[in-house]
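Reviewing the structure listed below.
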Amino acid sequence: MWGSGELLVAWFLVLAADGTTEHVYRPSRRVCTVGISGGSISETFVQRVYQPYLTTCDGHRACSTYRTIYRTAYRRSPGVTPARPRYACCPGWKRTSGLPGACGAAICQPPCGNGGSCIRPGHCRCPVGWQGDTCQTDVDECSTGEASCPQRCVNTVGSYWCQGWEGQSPSADGTRCLSKEGPSPVAPNPTAGVDSMAREEVYRLQARVDVLEQKLQLVLAPLHSLASRSTEHGLQDPGSLLAHSFQQLDRIDSLSEQVSFLEEHLGSCSCKKDL
């Protein structure tokens with residue numbers, strides 16, 4: 001006697017031998033009806049056949065004669081076999097290997113690339129580092145912020161790696177920077193030299209203010225006498241000269257404000273503590 005497991009295996013073997021790769025055997029999930037099959041009935045009958053053969057006649061002569069034999073033959077009956085539906089996997093699905101009659105494998109056209117898997121018709125599940133309808137596009141982890149590099153991030157096809165400072169080496173997976181033997185290098189200070197540059201700018205503006213003040217004294221000294229003499233000698237109104245003097249005053253005032261602003265912020269500069 002066979003056990004239940006052996007009977008089940010035998011039943012699957014019968015189904016696999018009897019069916020085709022296109023059709024399944026009963027309606028179920030992702031299985032569609034593709035047509036109705038039917039046709040004439042084939043039946044057997046006894047057919048009479050006359051078979052010639054040689055024999056000897058009187059006088060030892062060879063004679064030919066016939067004998068009747070009967071054999072089983074097949075013929076089409078006028079009747080029609082009962083119609084029955086035919087089933088196949090619905091569009092976008094195909095037979096699952098090892099499971100007769102099951103349509104559990106999705107179809108993606110074009111197929112998924114770079115290690116992606118087809119999870120439903122026309123939709124791929126992409127591995128880490130790839131994106132797109134068929135997993136054809138590399139993900140730039142450096143620009144999207146997915147990478148966690150503390151220093152420089154370098155994108156590669158399907159992944160990325162971190163480039164460390166001098167004296168550091170990348171980790172096994174390339175996503176971190178590890179210090180080599182010895183003291184860790186100090187990262188460059190981007191604010192180095194800012195204090196000295198600000199001081200030089202203050203000195204330069206102060207020198208310009210001094211020059212403009214000297215010019216202003218030269219202009220204002222003869223201003224009153226110039227106005228009186230111009231009236232006595234019938235000269236034109238010296239308003240243009242006065243307007244020029246006021247412009248010089250405005251320039252001096254503007255430069256003084258710039259010097260004050262730099263001096264005020266120079267004291268609060270964080271990099272000053274490193275000097």
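Here the Cβ of each residue, glycine as well, is placed from N, Cα and C on the backbone.
Marked as coiled coil by Swiss-Prot: 196-220.
Marked as domain 'EMI' by Swiss-Prot: 28-105. Summed and averaged per residue, pLDDT over the domain 'EMI' (28-105) gives 80.
Look at Swiss-Prot and you will find 104-136 tagged as domain 'EGF-like 1'. For the domain 'EGF-like 1' (104-136), same-chain residues at least 6 beyond its ends with a Cβ under 8 Å from one of its own Cβ atoms are 30, 91-97, 158-159.
Residue counts for the domain 'EGF-like 2' (138-178) under DSSP, helix first, then strand, then coil, are 4 helix, 16 strand, 21 coil. What Swiss-Prot records for 138-178 is domain 'EGF-like 2'.
Feature annotation from Swiss-Prot assigns region 'Disordered' to 173-193.
For 1-21, the entry in Swiss-Prot reads signal peptide.
Applying DSSP to the domain 'EGF-like 1' (104-136) sorts its residues as follows: 0 helix, 11 strand, 22 coil.
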